[in-house]
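What TrEMBL annotates here:
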DOMAIN    43-435  domain 'Amino acid transporter transmembrane'
TRANSMEM  79-100  transmembrane segment
TRANSMEM  121-144  transmembrane segment
TRANSMEM  164-183  transmembrane segment
TRANSMEM  190-211  transmembrane segment
TRANSMEM  231-249  transmembrane segment
TRANSMEM  270-292  transmembrane segment
TRANSMEM  312-337  transmembrane segment
TRANSMEM  358-377  transmembrane segment
TRANSMEM  383-404  transmembrane segment
TRANSMEM  416-439  transmembrane segment
Amino acid sequence: MGEDKYRDEVAIISTPSRSQRFNDDNMVALEVEVPETLHQVGTDSWFQVGVVLSTGVNSAYALGYAGTVMVPLGWTGGVIGLVLSTIISLYASTLIAKIHEYGGKRHIRYRDLAGFMYGRTGYIIVWASQYANLFLINIGFIILGGQALKAFYHLFRDDDHMKLAYFIAIAGLACVLFAIAVPTLSSLRIWLVISSVFSLIYLTITIALALKDGINAPPRDYSIPGSKINRIFTTAGAAANIVFVFNTGMIPEIQATVRAPVVDNMLKALYFQFTLGAVLVHAVTYVGYWAYGSSSSSYLLNNVSGPVWVKALANISAFLQAIIALHIFASPTYEFLDTKYGIKGSAVAVRNLAFRTLVRGGYLAVTTFLSALLPFLGDFMSLTGAISSIPLTFILPNHMYLIAMKKQLSLLQRSWHLLNVVLFSVISAAALVAAFRLIAVDSKTYHAYADL
């Protein structure tokens, strides 16, 4: 009764518009409610959405997986883990995509879908979990931007005048300017092409230089570092990092932008992401680990050797792509704020520009401050994976699909989804403990505003 009352309240408050979908059996047009939002819904092609998803996968984070995934897991664990993560992440993402219109409503936000299924408590928990997930991801992007700028700087200046915190501040400012200039996720358009070019540049350069270094280098050490007890925690942390590689935690928000038929087109976008979109991230991870072994860093461009101008191009491309990628993961926060405060009309209207400057600027200022305060990128990846990526990506999709499709599922299928819920809950708990331990250890090793 309480959940039904909550659903009724959501329907009243959202004052939904209507869109059409078709019943595949008789091609009868059905009305689907679309919640109120001041951002665009149902305007993008599946290909554009696929590029958005691939932009997240092939972000500058990809330069760190050799160090944060392969080093603690080794060849066997790392390769098997990444391949399995690709397959399982695709499977889980398709589950959540298939129930986008569950109950005759288009659920354009993850929290709306949770509220419709679980009531107000589920709505609040998923909202908090998702926004924590996106906030931590954005911290990582600003750290990455700062690292890329610092690496670029040190190619030309060999001094210690500029610390990592300064470069993080510059990266944060660049993100603020981009957030002011680009109002919505659908507005990225040409920026997605530019982002793809940047990704292709730094990933291709990194792979080429790592291959050269690996061919010319003596035999590498591929042993897993650390004591036996440390390996247990780093393995759990690496498991969270593997989940983080391919997942956004915002499938409903991205699916909201795709044109009808929304399920079929979103599935096409996901297949694109997990096939062509995943090739380079696998390649740079394996080649980087092959070339540098257990000395692979969390930012692979710090390992490679080659012409200064080539490395400079790769680093500046990684910096610029991190700005665009951050905007994707910040877009649910921006959409919530814009809708809550009625920011509509021309993107260049004085009121709208002032709002984006103050509100988005304030959000990114806090993000930048925390990035500079604790710039432990690998630890934040582990924490993000444990606290939110695993629940949002694996636990909830399986449970939601079980609820939505329970009448159509056999006993074996229901048991399968319940097994996934339990298994990934255990993995999430173990990874969370490991992530907090890693942060505690690094906090003792490094001081605030560490110049890593």
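Glycine is no exception: its Cβ is also placed from the backbone N, Cα and C atoms.
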Annotated stretches the transmembrane segment (121-144) and the transmembrane segment (164-183) touching (3 or more Cβ pairs under 8 Å):
yes
Between the transmembrane segment (164-183) and the transmembrane segment (312-337), are there three or more C-beta pairs closer than 8 Å, counting only pairs 6 or more apart along the chain?
yes
Give the nonlocal contacts of the transmembrane segment (416-439) in its own chain as ranges (CB under 8 Å, at least six residues past its ends).
232-237, 239-240, 374, 376, 378-379, 382-383, 385-387, 390-391, 394-395, 398-399, 401-402, 409
Distant-in-sequence neighbours of the transmembrane segment (358-377), which means Cβ under 8 A and at least six residues beyond its ends:
64, 68, 135, 138-140, 142-144, 146-147, 164-165, 168-169, 171-173, 175-176, 179-180, 298-299, 330, 333-334, 337, 341, 438-439, 442-443, 446, 448-450, 452
Give me the stretch from 79-100, 190-211, 312-337, 383-404 with the greatest number of Cβ pairs under 8 Å to the transmembrane segment (270-292).
190-211
For the transmembrane segment (190-211), find every same-chain residue at least 6 residues outside the stretch whose CB is under 8 Å from a CB in it, and list them.
48, 51-52, 54-55, 58-60, 62-63, 182, 280-281, 283-284, 287-288, 290-292, 300-301, 303-306, 310-311, 313-315, 317-318, 320-321, 324-325, 327
